[in-house]
């Protein structure tokens, strides 16, 4: 159930990531086909309890950032500082004009935060107003002196590995950062340490072993292999839809209102592009078709906007732990002309689905004046969707459609 707390998230992405090797800042490198920052931001942008996502960037990275997160919802990026601490402070100040109750501070180099982890972070602020996710230390830790000689073996039962997102009451962590800035303290490696410095009691909550920070080239190799193994079930589905023209002054195509001298005869808004995409995604899941989930006999779908149907299909993929790898739609019509609107349609599909625009294709063709599309009696559309799901041997059994 959604929380009543107004929660915002800061995604700290201003670092250069030199230890990760060549290839530019690590947050813009790809892992299993998607950028690290897109993976890091997605869980927060899609979370129902997070009303605002505030990125903090190196201003030189803005073009890379915009390309990586096309279609996501987020506030205008804030410029980062010389240290992580300064960058977080910049993000907090950017949120101050519309101050949330709770702020989650997350490193862009941790691309595997889950909705459940985010929910635990929000709930943990009820304890002391400051909380950090932790996981147990499983290795024996040695404390050494300047020469490298062991001088202590800490009790690992009392040690924890700290992660992000770290969660705070917004007012107290903003005040803590302002105090540190006034006192010239810029040496805190995480926000929990800064909170401790001002006297806050920092609670802990259950982290996630998979929510590891990508730091070295070996980290990228390891996580690439892990994701490939997790999403090894590659599915392809196809969709097809047709609507005849009727009275009206526009048609909806791929979520875009297109002026036209006719409208569609349809139960919903008649968006043939989105309807075909819904069928393609459901087909990849072996999960029925659009009519089985949204029957035209049901009056609640009368005049409904088709973006609802597409979001539903995308959520079905997410519920299976999957990712959409590619979406393609081809419209067959004489008019309206699709070419001038192609990129607008791609951007709209990206906005609805959260899929990167680089993974979305919109095409158009004619039937050379043959058939009903050639006579301009309507529009036909085909679509395909490629979906990656976690491999599950039990899926080899024929269990029928899920409805």
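Cβ atoms are placed via backbone N, Cα and C, with glycine included.
Model, not experiment: these values are computed from the prediction.
As given in Swiss-Prot:
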- 1-234: region '2-C-methyl-D-erythritol 4-phosphate cytidylyltransferase' (REGION)
- 19: site 'Transition state stabilizer' (SITE)
- 26: site 'Transition state stabilizer' (SITE)
- 156: site 'Positions MEP for the nucleophilic attack' (SITE)
- 213: site 'Positions MEP for the nucleophilic attack' (SITE)
- 235-403: region '2-C-methyl-D-erythritol 2,4-cyclodiphosphate synthase' (REGION)
- 241, 243, 275: divalent metal cation binding site (BINDING)
- 241, 242, 243, 267, 268, 289, 290, 291, 365, 366, 367, 368, 372, 375: 4-CDP-2-C-methyl-D-erythritol 2-phosphate binding site (BINDING)
- 267: site 'Transition state stabilizer' (SITE)
- 366: site 'Transition state stabilizer' (SITE)
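Per-residue pLDDT, averaged along the region '2-C-methyl-D-erythritol 2,4-cyclodiphosphate synthase' (235-403), amounts to 88 for this model. Within 8 Å of the centroid of the Cβ atoms of 241, 243, 275, where the record puts divalent metal cation, the same chain has further Cβ atoms from 242, 266, 270, 271, 272, 273, 276, 379, 381. In sequence order, the recorded positions near residue 290 (4-CDP-2-C-methyl-D-erythritol 2-phosphate binding site) (Cα within 10 Å of its Cα) are 275, drawn from 26, 213, 275.
Remark: residue 241 (divalent metal cation binding site) has 272, 273, 275, 276, 279, 380, 381 as non-local neighbours, by Cβ distance under 8 Å and separation of at least 6 in sequence. Residue 156 (site 'Positions MEP for the nucleophilic attack') has its Cα within 10 Å of the Cα of none of the recorded positions 213, 243, 372. Between the two most distant C-alpha atoms of the annotated 4-CDP-2-C-methyl-D-erythritol 2-phosphate binders (241, 242, 243, 267, 268, 289, 290, 291, 365, 366, 367, 368, 372, 375) there are 30 Å. Considering only the binding-site residues 243, 268, 365, 367, 372, the residue whose Cα is spatially closest to the Cα of residue 26 (site 'Transition state stabilizer') is 365.
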